[in-house]
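The structure appears below as structure tokens.
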Protein chains: 6
Amino acid sequence: MSSITRPSGRSADSLREVRLTRNYTKHAEGSVLVEFGDTKVICTASLEDKVPGFLKGKGQGWLTAEYGMLPRSTNTRMDREAARGKQSGRTQEIQRLIGRSLRAAFDLEAFGERTLHLDCDVIQADGGTRTAAITGAMVAAYDAFSTLVESKAISAMPLKHFVAAISVGVYQGSPVLDLDYLEDSGCDTDMNVVMTDAGHFIEVQGTAEGAAFDRATLNSLLELAQAGITDLIALQRKTLGLR
Amino acid sequence: MSSITRPSGRSADSLREVRLTRNYTKHAEGSVLVEFGDTKVICTASLEDKVPGFLKGKGQGWLTAEYGMLPRSTNTRMDREAARGKQSGRTQEIQRLIGRSLRAAFDLEAFGERTLHLDCDVIQADGGTRTAAITGAMVAAYDAFSTLVESKAISAMPLKHFVAAISVGVYQGSPVLDLDYLEDSGCDTDMNVVMTDAGHFIEVQGTAEGAAFDRATLNSLLELAQAGITDLIALQRKTLGLR
Amino acid sequence: MSSITRPSGRSADSLREVRLTRNYTKHAEGSVLVEFGDTKVICTASLEDKVPGFLKGKGQGWLTAEYGMLPRSTNTRMDREAARGKQSGRTQEIQRLIGRSLRAAFDLEAFGERTLHLDCDVIQADGGTRTAAITGAMVAAYDAFSTLVESKAISAMPLKHFVAAISVGVYQGSPVLDLDYLEDSGCDTDMNVVMTDAGHFIEVQGTAEGAAFDRATLNSLLELAQAGITDLIALQRKTLGLR
Amino acid sequence: MSSITRPSGRSADSLREVRLTRNYTKHAEGSVLVEFGDTKVICTASLEDKVPGFLKGKGQGWLTAEYGMLPRSTNTRMDREAARGKQSGRTQEIQRLIGRSLRAAFDLEAFGERTLHLDCDVIQADGGTRTAAITGAMVAAYDAFSTLVESKAISAMPLKHFVAAISVGVYQGSPVLDLDYLEDSGCDTDMNVVMTDAGHFIEVQGTAEGAAFDRATLNSLLELAQAGITDLIALQRKTLGLR
Amino acid sequence: MSSITRPSGRSADSLREVRLTRNYTKHAEGSVLVEFGDTKVICTASLEDKVPGFLKGKGQGWLTAEYGMLPRSTNTRMDREAARGKQSGRTQEIQRLIGRSLRAAFDLEAFGERTLHLDCDVIQADGGTRTAAITGAMVAAYDAFSTLVESKAISAMPLKHFVAAISVGVYQGSPVLDLDYLEDSGCDTDMNVVMTDAGHFIEVQGTAEGAAFDRATLNSLLELAQAGITDLIALQRKTLGLR
Amino acid sequence: MSSITRPSGRSADSLREVRLTRNYTKHAEGSVLVEFGDTKVICTASLEDKVPGFLKGKGQGWLTAEYGMLPRSTNTRMDREAARGKQSGRTQEIQRLIGRSLRAAFDLEAFGERTLHLDCDVIQADGGTRTAAITGAMVAAYDAFSTLVESKAISAMPLKHFVAAISVGVYQGSPVLDLDYLEDSGCDTDMNVVMTDAGHFIEVQGTAEGAAFDRATLNSLLELAQAGITDLIALQRKTLGLR
């Protein structure tokens with residue numbers, strides 16, 4: 001790792017302080033406050049005893065996600081999407097990513113004709129809201145499915161893999177892990193990576209915002225991401241009391 | 001007060017535990033988490049250096065409010081308003097109430113051509129979200145205007161009155177203060193009252209959901225509300241470090 | 001009553017001339033033109049042989065209301081809500097109020113799985129459109145339910161109470177009844193009251209638009225309203241040929 | 001003319017009773033209730049001292065129209081367009097027709113940078129609402145422009161032609177004038193014709209709803225229409241006190 | 001025919017070069033590229049095995065049309081209707097016209113409970129897009145129904161008439177056939193005519209954009225249109241390999 | 001490369017036949033039909049002499065993209081987005097990708113306060129529509145900027161890099177290039193790659209639709225993509241007559 005100075009003062013391969021608080025609100029089957037430093041996202045998992053039309057009668061379940069930001073979760077107040085009457089392209093892109101990532105974590109054929117709704121609402125934003133949301137939603141979803149196991153509605157946790165997500169980027173020429181807002185605004189390349197506990201990829205989304213990037217840079221970024229995700233999955237398991 | 005047993009076990013004239021946490025999030029000029037028991041609302045106050053078109057060039061300011069609920073802030077998940085593409089009538093009614101109430105608290109001609117945006121987002125709902133929102137938004141707005149005083153952008157706090165709000169209702173035939181969700185669902189009459197620190201009314205909104213109510217009942221409800229609001233305003237002032 | 005001079009020249013406790021014209025249009029089961037002075041609202045009541053989804057199979061009926069203003073019913077032309085693509089918060093607030101008020105007037109369990117749609121369209125506005133709408137819709141609804149009684153679809157009029165509504169306000173320091181537009185624009189406090197023929201309250205909605213108001217003022221306003229509503233209900237009954 | 005029996009009992013070339021009531025509502029610069037038998041439409045004309053963006057600075061005016069139906073103006077209640085959030089294709093087609101027709105009646109370059117908004121709202125529908133709307137809007141527009149002449153804002157009435165409109169159709173094989181709802185539902189061909197006082201065409205819109213129609217039929221329909229429009233324009237002029 | 005010089009250099013009664021290319025795209029049951037000179041429209045016909053709610057269980061079919069223009073099919077780029085969130089009044093008017101015209105061509109009771117969707121998308125516009133769309137959609141619809149005949153889903157082509165459409169107008173005082181964009185922009189009267197192979201009218205829509213037009217002019221326009229449509233229907237039949 | 005049999009019969013590293021047809025429609029400054037086998041997309045580039053509000057007065061340009069599919073470009077007809085009133089999340093995701101990719105190709109500070117609008121409309125879909133769109137839009141944009149160079153509005157082509165895009169995926173366990181619809185539906189991992197003529201990455205978007213993928217697979221996919229993009233850029237240059 002190079003010796004550039006990050007605005008956050010972290011070393012290139014350091015995560016921010018990550019916290020996962022279960023049972024954050026009382027109504028949802030799963031409810032987690034996830035914090036990646038100053039980024040704070042409430043992730044709730046809600047079970048519903050039906051599936052969308054295209055799956056009716058097929059004996060399998062569905063998992064879907066929605067994402068939102070409170071208007072003043074950001075430095076400058078944004079318009080409220082409910083008041084404007086539509087979700088932005090960015091919002092839709094993020095909630096589609098969260099949904100795909102979590103559908104890869106669970107076996108949709110193993111929890112009956114039910115839908116799990118994941119709601120990821122950003123209370124405070126400081127970069128990396130989508131990766132925090134995926135990481136927190138994993139724990140909320142696990143808790144929600146646990147209620148089905150406990151009530152014997154299903155016989156076992158429908159888990160395929162643990163998944164977590166992190167951002168990586170090139171800041172002042174050097175690859176760094178888990179960008180906060182200041183670093184993200186100043187970086188050339190931004191990549192979000194979603195991986196499983198087996199070290200395999202679910203999603204790789206890299207964008208050159210300034211200069212295009214080469215294969216060597218891509219490789220460095222992926223290595224940083226893999227190390228970070230390993231730590232995040234360990235924290236998810238510990239939070240859930242799994243060994 | 002009668003001796004009915006409330007689901008909450010409180011006496012008829014007791015508020016739930018009320019907490020006001022300032023600086024709850026870091027970006028907004030004012031940011032308060034208000035809790036009325038299990039009802040939790042994030043109130044942020046955001047200053048903007050312009051006014052709506054109908055006020056341009058008049059040398060006065062504006063104050064407006066928006067309200068939202070996280071989809072799983074309630075017992076059963078609600079559709080996300082941003083995804084449905086419109087705010088419900090209930091949402092609009094509540095945000096108009098919050099806006100009118102807070103415009104009565106401040107002198108719109110005393111803070112220049114600025115807009116104060118109040119965002120009240122319900123994280124967890126257990127009855128009384130609109131009264132909690134008004135009570136918390138008062139403190140968030142005060143903090144936001146304080147930043148203008150501190151930066152000498154204005155010479156004095158543009159305060160007319162402190163305002164706070166509480167719900168009252170008739171539960172099993174008896175008037176009670178500050179209904180939680182269980183009490184609210186089972187009550188005949190529901191009234192929301194907004195008052196100033198001088199004991200005057202800003203808003204009185206009473207609805208007979210079951211039997212119509214008579215003048216004597218109305219009087220009892222207003223007395224309960226006045227006592228509750230006196231306590232809430234004392235708490236607002238204490239929270240702000242005012243005597 | 002004080003001796004202020006109202007723009008309308010009326011005494012403080014005088015209603016405007018109120019007219020209720022039944023069978024105003026020919027298609028609806030109930031159709032009433034209601035006039036409070038220069039305020040003119042067409043209220044139609046339409047029966048439909050089904051109920052909304054949340055009531056299906058419960059053996060009870062539903063009653064709902066919609067409200068609109070013709071674009072040039074007002075002094076300055078307003079945008080047409082159908083062209084703008086949404087109803088304003090004010091429109092939704094008013095139609096929710098009309099619906100709640102009329103649901104208090106009729107026994108929803110006594111007219112089968114039917115929906116009564118009340119449409120209140122303002123042809124000419126001069127203050128008090130929502131109270132005129134409630135007062136006129138009561139008569140239109142009565143006429144519509146009469147068609148069910150006449151056809152023996154139901155055995156008796158599903159009436160709980162007659163209801164009517166009136167506005168009161170504080171104009172130049174004095175409480176006055178039934179504000180027209182000029183008075184409404186210049187008043188400090190505006191209150192809409194919906195009551196039953198037993199003198200009980202269905203709705204009380206008071207707003208301090210200027211100075212907050214005290215209990216004594218509130219009491220005076222409620223007394224004015226009660227007297228006005230007594231007269232309106234007498235007129236409703238007379239119009240319907242009831243003693 | 002053939003000797004078929006029309007549901008209305010009228011002869012093939014008879015208009016329904018047509019009434020034009022000026023100053024029907026009090027706020028608009030022009031306000032006309034037009035009745036073609038049981039079809040009743042309120043037409044208001046509202047002047048605004050600005051033009052749409054595409055005409056700014058060109059020294060000419062604009063004229064535009066909007067059309068709506070009260071939900072229970074028809075036999076079966078229709079959804080309210082403002083509640084559904086959009087105007088139907090039929091509504092848009094009709095309001096575009098009204099606008100084009102009236103733009104042909106007035107000289108857009110002779111009333112300054114102003115917009116005349118015509119609002120045609122159907123209170124009761126019994127066939128022919130669009131032709132009634134055009135015929136009534138002509139008178140409302142004339143009245144509105146008269147206020148500009150009277151206030152000397154313009155030097156002369158910016159009139160090109162009087163225009164009026166009527167429907168014709170083939171009912172049970174015979175051409176008939178001014179179809180009411182029953183006749184319209186049962187007819188094969190429906191044509192709306194807009195003409196000037198010089199007997200020239202502004203719009204001809206014929207649709208074969210059942211069998212296609214031939215040139216001879218088209219000719220008969222146009223003759224019926226021309227006679228009807230001559231009578232309508234005479235009535236418009238008489239209503240306005242013109243010789 | 002007069003001897004004016006048209007911008008296109010054509011004689012007054014000349015069509016542009018018309019081309020109908022079948023099987024233009026591969027997925028649809030019928031797919032035609034229709035070209036009227038530089039106007040190019042892709043018409044696809046898609047069969048669906050269900051009907052709209054209002055026809056369910058009646059044993060008949062339905063046919064409906066949609067119309068769109070690519071944003072840069074025109075000289076100046078237009079906003080994309082999908083991005084603006086609604087179709088313009090012009091678009092709706094045109095797609096309603098296409099639907100009515102083609103419903104007159106086929107026997108809706110002769111192809112079972114199916115819907116034929118016609119999509120007419122303008123790739124390049126040079127005047128006359130709606131008449132080209134109707135003329136091309138006729139062939140696409142014929143091809144789609146042929147697939148039902150070939151698969152023996154129905155026993156015979158459900159054809160009532162061939163239909164085609166053409167525009168006519170008054171350019172510099174003279175009636176001309178099939179206006180291109182330059183001629184259309186400069187013309188006083190614009191008429192779209194839809195006729196059957198028997199020479200009968202399905203639709204006649206004439207609009208005076210400048211001076212109103214008289215009966216003699218109308219007659220000349222209809223004669224031009226009839227001759228043009230005869231040629232178009234001959235081309236449709238030839239393209240389909242019919243004699 | 002492995003020896004699996006692709007449905008298309010191509011070898012793992014073969015592109016489909018790619019065609020780029022310039023000047024496909026006549027109005028746009030750049031207009032290209034791009035074909036990747038049976039996938040056909042019309043890409044137009046439209047210049048506008050203004051920039052969005054957030055760039056006004058900064059002396060630089062903007063480039064933005066929109067994407068759409070004709071309703072029957074696909075095997076089963078899709079709803080028309082303009083009729084539904086909104087663009088899907090997928091559509092927005094794709095048009096944001098196209099915009100970012102092409103903004104990386106051109107120097108936004110070198111063509112003045114102008115906006116280049118890229119419209120990519122899918123006429124026929126058979127997999128890979130977004131990569132075809134990016135590849136074709138590059139040529140359309142180049143042609144549009146050429147008109148500015150030719151008219152001497154700018155002094156040189158504002159080019160940073162040529163960019164092109166291709167999809168890669170894992171089909172039956174083996175990495176393959178440029179998936180058609182059949183291959184795409186059956187593949188486990190799908191990746192879209194956008195690169196420059198220098199072999200650097202602009203975008204990498206990989207998604208595990210079935211099993212998660214490992215680093216070795218990712219490497220193979222990126223190598224396939226790089227080879228394909230090199231060929232595509234050579235074809236773009238040849239099409240434009242560049243050496």
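Backbone N, Cα and C atoms are what each Cβ position is placed from, and that goes for glycine too.
The phosphate binding site feature in TrEMBL is assigned to B:Arg90, B:Gly128, B:Thr129, B:Arg130. In the three-state DSSP assignment, the secondary structure recorded for B:Gly128 (phosphate binding site) is coil. Neighbour density for B:Gly128 (phosphate binding site): within 10 A of its CB lie 26 other CB atoms from the protein chains shown.
For B:15-144 (among others), the entry in TrEMBL reads domain 'Exoribonuclease phosphorolytic'. Residue counts for the domain 'Exoribonuclease phosphorolytic' (B:15-144) under DSSP, split into helix (H, G, I), strand (E, B) and coil, are 41 helix, 41 strand, 48 coil.
For B:161-227 (among others), the entry in TrEMBL reads domain 'Exoribonuclease phosphorolytic'. Secondary structure of the domain 'Exoribonuclease phosphorolytic' (B:161-227) per DSSP (helix as H, G, I; strand as E, B; remaining residues coil): 18 helix, 30 strand, 19 coil.
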Go through B:Arg90, B:Arg130, the listed binding-site residues, and name the one with the sparsest Cβ surroundings, counting other Cβ atoms within 10 Å.
B:Arg90
Would you report the average pLDDT that the model assigns to the domain 'Exoribonuclease phosphorolytic' (B:161-227)?
94
Apart from B:Arg90, B:Gly128, B:Thr129, B:Arg130, which residues in this chain have a Cβ no more than 8 Å from the mean position of the Cβ atoms of those residues at the phosphate site?
B:Tyr67, B:Ile94, B:Val122, B:Ala125, B:Gly127, B:Thr131, B:Ala132, B:Ala133
Longest CA-CA distance among B:Arg90, B:Gly128, B:Thr129, B:Arg130, per record bound to phosphate, angstrom:
13
List of residues, in chain order, with Cβ under 8 A from that of B:Thr129 (phosphate binding site) and at least 6 apart
B:Thr39, B:Val41, B:Met69, B:Ile94, B:Val122
Binding-site residues B:Arg90, B:Gly128, B:Thr129, B:Arg130: which sit with Cβ under 8 Å of a chain F Cβ?
none
